[in-house]
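What TrEMBL records for 39-285 is domain 'G-protein coupled receptors family 1 profile'. Look at TrEMBL and you will find 20-45, 57-76, 96-118, 138-156, 191-223, 235-257, 269-287 tagged as transmembrane segment.
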Amino acid sequence: MENASCVKEFILLGLSENQGVQKVCFVMFLFFYMIIVAGNLLIVITVISSQRLNSPMYFFLCYLSFIDICYSSVTAPKMIADFLIENKTISFVGCIAQLFGVHFFGCTEIFILTVMAYDRYIAICRPLHYTTLMTRRVCGRMVISSWAGGFVHSIVQTLLTTQLPFCGPNKIDHYFCDVHPLLQLACTNTYAVGIIVVANSGMIALSCFFILVMSYIVILVSLKSQTSEGRHKALSTCGSHITVVILFFGPCTFTYIRPSSNLSEDKSVAVFYTVITPMLNPLIYTLRNEEVKSAMRKLWSRKV
């Protein structure tokens, strides 16, 4: 299909068009974004600086925190700035770049969370083989594969969207450029593209979620044969990950495994996986993990 777009920029309607609500949202989301960057950056610095946090679990956590910073930075700064300006425009190229970034970092995070579940499965169910199975080289390959998988997924979504003609209107009922809002603006039949987009996102989300669920079912079954102290330690390390998975996969799955019919509902749900979850991740992983808290205290005291 030849791209016959005459639209050079889009108008983002944002979360609300009420001036009073926008001012409150500006303060609130600016605070949220500062927590996201500071909290996740602190985890990255702590894991890199601490010799104690050299296990695969913290290796993956470091990358998860880095991805969270990138993921939220694709949408949050533009959203926050738009709360203060009346003309909330974004160029066509900027819109496509934002679409690519959202799906690239979002899909990579899904794969990293899946890899972290596999790591917990090996650590709990096959502890004697853990050091031989989860070597630094294997962990590195898993991370690279996660980045590559996110890139391929994002390229597919982006190419499908850029091939569509946009002749107007150009108002996007969202606070960032995403596939479903753009499909509704295309001046052609997008049924086939919509099916491919949903199949692409849905296949990744559902297959990874299935792997996650199966991993934790096997983990819970294997815990029956362990001592109460062993069960408590295993559940404490898994609890944080399960919480993050629920917070991220729930809203993400709701948005992308079905054809979008209510964009106003979709953009409210999107706040959870683009802002809330990246903000809560550092709190979830540090509040439930004594090793991370101890390493942070040592790092802080050394810096002071």
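Even glycines carry a Cβ here, placed using N, Cα and C.
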Query: Of the listed stretches (57-76, 96-118, 138-156, 235-257), which one yields the highest count of Cβ-Cβ distances below 8 Å with the transmembrane segment (191-223)?
result: 235-257
Query: Near the transmembrane segment (235-257), which residues from the same chain, at least 6 beyond its ends, have a CB less than 8 A from one of its CBs?
result: 57, 106, 109-110, 113, 116-117, 120, 123-124, 180, 198, 201-202, 205-206, 208-209, 212, 216, 219, 223, 266, 269-270, 272-273, 276-277, 280-281, 284-285, 288-289
Message: Across the domain 'G-protein coupled receptors family 1 profile' (39-285), what does the mean pLDDT come to, as a whole number?
response: 87
